[in-house]
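Here the structure is laid out as structure tokens; the discussion comes afterwards.
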Amino acid sequence: MSAAETNQLQESMEKLNIGSTTEEQSAAAATTTADQSAEEQGESSGVAENSASLYVGELNPSVNEATLFEIFSPIGQVSSIRVCRDAVSKKSLGYAYVNYHKYEDGEKAIEELNYNPIEGRPCRIMWSQRDPSARRSGDGNIFIKNLHPAIDNKALHDTFSAFGKILSCKVATDEFGQSKCFGFVHYETAEAAEAAIENVNGMLLNDREVFVGKHISKKDRESKFEEMKANFTNIYVKNIDLNYSEESFEKLFSPFGKITSIYLEKDQDGKSKGFGFVNFEDHESAVKAVEELNDKEINGQKIYVGRAQKKRERLEELKKQYEAVRLEKLAKYQGVNLFVKNLDDTIDSEKLEEEFKPFGTITSAKVMVDEAGKSKGFGFVCFTTPEEATKAITEMNTRMINGKPLYVALAQRKDVRRSQLEQQIQARNQMRMQNAAAGGLPGQFIPPMFYGQQGFFPPNGRGNAPYPGPNPQMMMRGRGQPFPEQWPRPGPNGQPVPVYGIPPQFQQDFNGQNMRPQQQQQQQPRGGYYPNRNQTSKRDLAAIISSVPQDQQKRILGEELYPKIVATGKAQEPEAAGKITGMMLGLENQEILDLLDDDELFNNHFEDALTAFEEYKKSEAAGNAEEQA
């Protein structure tokens, strides 16, 4: 908000006889006795006893636990942080929970960090309310609408905090972060909410008259809405003669019952726009007016008279109508519309129809063209019956036309086609993983292990630190245990050592970025695998892969996959990381490069491989149990 808007908010608050500023409110809060216990503070704030759990919302999807720890740990000792994620995609849901050891630290975090930007988005912090009945209670919760777009969460909080302690405050926004011009404020007490409604409802905020009222739950609103629909009194009239005045408009509807209000929409020049609203005193009068006047011709025009609807309701009805038409259209062309591709450039719509005409009655045939009118090489042919379409597919698929074999199949919508393709790829990958599991998971990737023999340098494919090996005794130590690691040492006279598997043009980058002195290695914390922060880009890795022999390509890709799999912390079996790496190396090289560059894609493939590995282990254990029996 600008300084002028902030001043206007302060002036509005002064009109309400709210003289205390934020500093004065803080000073008033500070009058609480110093020996007040955390338990008493918890009760006064409406949160659970000794609670130190905070809800942090409005987070950027890129914010993780480490980011939040850096922000919240200076306030006090943090016991735990959890960013809530989608169970399938693992993407952040935009909110998290931060737990402190002390209640006072939670209060301080709310006071100092609330509405502060985190990675470009102002966060919203409040006490975590674990009791669902308390969260859903309407006591103390108010609804504000017709807000100025410039009013954000902080401005709303500053405006309404004068009436009592606020538990949560939010301005609703769209997917682009723009205000929807309404919001909610949840007070600790119902009295504070009543005071806010009494003082702010109808008041001007940033030159807009706002409405403030008690919040009504969606369930109650829908119940009330259905009741209002069944007993409507307000009707909408359109296609009215533009020469109609308000007096003539009222005279038209007055015979049906007592009118409480009437409105005829006009433009800037005061001329009628041809529609308006009439509100009757009782439901029966409104129903009678609709029945008598709808579709009646007045001054040469058929007018429409019906129940007045809210914009949201109208949009929902239009959406349903559109969906019904779309489904009807799909049903009409189901099994009769053919997709034809690999067409010669000389084939136009007429020629296409001529080729398919022997198989039945064609309702339409069209070759798709670009802006210049040139054929795109594909088109559509629609028959009248599924039998004709099936016959055309049987006869015309792979037939040579002008030296090119046609592809003919039933036409599909783009979204259905994409969905089927994704399912086919996923099924193929799962089958590959299952086949690997059924065959005993061959092709286990064995990461290199080196013990620093004098004069010997490890053939690490990218110059990184060697990854933990498949030795069961070392792997069984569990997560967070030290792995043996030896860093490559420089050659004679401090010269970099050539790295096995890397073309000469890439040698300098890998040696220069990853050589470390032995002393620096000894100071390195020993807690398992640490990802290399000087990773080469996907483009460089692709160049490396293309320039080495075939038998070395999978080795280099394996050295990229293995640490990424270990870093997930889910491959805890002694041989799990190596087995899963071996399974994932069964993918095409380009697919591996893609999933190394895309965490979501990697997670999907990793979860499939992990599931296959676990199923294999279960079947193996069951087989061993049967043999012992």
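Every residue, even glycine, has its Cβ placed from backbone N, Cα and C.
Under the heading region 'Disordered', Swiss-Prot lists 1-48, 503-534. Per Swiss-Prot, the feature compositional bias 'Polar residues' maps to 1-11, 505-517. According to Swiss-Prot, the feature compositional bias 'Low complexity' maps to 20-36. What Swiss-Prot records for 52-130 is domain 'RRM 1'. Annotated domain 'RRM 2' per Swiss-Prot: 140-217, in sequence order, evidence recorded as sequence analysis. Per Swiss-Prot, the feature domain 'RRM 3' maps to 233-310; the stated evidence is sequence analysis. Sequence annotations record features per position, and here Swiss-Prot assigns domain 'RRM 4' to 336-413. Under the heading domain 'PABC', Swiss-Prot lists 537-618.
Averaged across the domain 'PABC' (537-618), pLDDT for the predicted model comes to 81.
Per-class residue totals from DSSP over the domain 'RRM 2' (140-217), listed helix then strand then coil: 22 helix, 30 strand, 26 coil. When DSSP labels each residue, the domain 'RRM 4' (336-413) comes out as 22 helix, 30 strand, 26 coil, counted as helix, strand and coil in that order.
With DSSP states grouped into helix (H, G, I), strand (E, B) and coil, the domain 'RRM 1' (52-130) comes out at 19 helix, 30 strand, 30 coil.
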